[in-house]
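Here is the structure we will look at.
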Amino acid sequence: MRNHVISFENVVKQFDDEPVLKNVSFEIEEGKFYTLLGPSGCGKTTILRIIAGFNDVTSGDVYFDGKRINDVPANKRQVNTVFQDYALFPHMNVFDNVAFGLKIKKLSKAEIEKKVKEALRLVQLPGYETREISEMSGGQRQRVAIARAIVNEPKVLLLDEPLSALDLKLRTAMQYELRDLQQRLGITFIFVTHDQEEALAMSDEIFVMNKGHIVQSGTPVDIYDEPINHFVADFVGESNIVDGVMLEDNLVSFVGKKFECVDGGMRKNEPVEVVLRPEDLTITTLEKGKLTVTVDTQLFRGVHYEIICFDEQGNEWMVHSTRKAKEGAQVGLSFEPEDIHVMRFNESEEDFDARLESYDE
């Protein structure tokens with residue numbers, strides 16, 4: 001039986017009569033790394049603040065280990081939060097910052113020292129106890145903030161966009177460190193970000209949010225390979241999205257041509273949207289291509305060229321290729337049936353999951 005450490009049931013949150021969360025329901029299993037992913041204003045940080053006890057719900061229920069916690073104050077919850085700005089005390093050294101919560105609990109000096117040293121060891125800052133916060137880099141401050149959170153041995157660690165202020169190289173390094181730390185500690189992490197690459201890299205499960213709703217939930221691979229709708233396909237990774245018609249199971253038409261695919265379970269001749277990822281398209285000769293396009297522009301992205309093409313109907317196609325293309329040239333695009341992903345309009349996540357299971361069996 002799965003142990004759901006946190007559950008939301010039909011949670012609504014309003015600020016000044018403006019709904020921020022709209023009947024949100026989900027379950028969080030113990031010991032996993034979860035990410036709330038979405039654009040600014042989608043409600044992801046509000047969920048974090050409700051779990052932490054900083055915000056009340058307007059209606060609905062929040063459960064922790066099966067017990068309703070709507071009225072439980074923040075200091076009585078088994079959660080700790082790492083904030084975007086770290087919220088460290090600049091007048092205290094590293095030891096005193098990490099020990100702050102333990103001193104409030106009135107633990108003995110020996111126990112505090114033991115726990116602080118262990119927390120600093122876990123975040124790879126052993127021997128930094130007397131270092132002043134002002135003397136530390138952004139990455140080191142990030143680790144101190146995490147140490148201060150985990151020293152209290154929370155059951156759930158909440159992280160509110162903690163990597164956003166770091167440069168790209170350090171942010172990438174911290175992704176590895178956070179993932180490794182979560183696996184070593186075995187506690188539940190709930191991470192908030194608008195950065196889809198962070199979410200894909202670190203998470204066991206992702207909740208994609210938009211306008212106060214959880215639009216889709218699943219593993220990073222599921223979210224990337226099987227987006228439920230236009231928003232998810234466009235927000236998570238780069239996508240080419242065109243209108244199409246589902247002629248029958250495993251046969252779809254778009255840009256005036258018929259293509260084999262692996263999707264099914266839809267009505268015959270149902271209007272749909274078709275997704276092809278840029279990395280799944282290969283530039284080839286006109287004879288070998290399934291689509292004919294004209295190369296418009298290209299940018300070198302380091303690991304690949306990002307090539308923008310247009311087909312004869314005016315649809316834009318982005319291609320990721322290790323080879324440079326000739327601008328203005330007519331070329332073919334090839335792809336495999338399994339590279340095509342077909343999306344229905346206004347399909348619920350429950351219906352979407354049921355349809356996938358029906359033709360995966």
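Cβ coordinates are placed from backbone N, Cα and C, and glycine is handled just like the others.
Per-residue pLDDT, averaged along the domain 'ABC transporter' (6-236), amounts to 92 for this model. What Swiss-Prot records for 6-236 is domain 'ABC transporter', and it gives sequence analysis as the kind of evidence.
Sequence annotations record features per position, and here Swiss-Prot assigns ATP binding site to GLY38, PRO39, SER40, GLY41, CYS42, GLY43, LYS44, THR45. Secondary structure from DSSP puts PRO39 (ATP binding site) in coil. Less than 8 angstroms from the CB of PRO39 (ATP binding site) sit HIS194, ASN210, PHE235, each of them six or more residues away in the same chain.
Counting Cβ atoms from all protein chains shown, GLY43 (ATP binding site) has 23 others lying within 10 Å of its own Cβ. Of all Cβ atoms in the shown protein chains, 23 besides its own fall within 10 Å of the Cβ of CYS42 (ATP binding site). Annotation: GLY38 carries the greatest number of neighbouring Cβ atoms among the binding-site residues GLY38, GLY41 [cut-off 10 Å, Cβ to Cβ]. For the binding-site residues listed here (SER40, THR45), the lowest count of other CB atoms within 10 A around the CB belongs to SER40. The Cβ neighbour count for LYS44 (ATP binding site), using a 10 Å radius and every protein chain shown, is 28. Surrounding the centroid of the Cβ atoms of GLY38, PRO39, SER40, GLY41, CYS42, GLY43, LYS44, THR45, where the record places ATP, the chain contributes additional residues within 8 Å, namely HIS194, MET209, ASN210.
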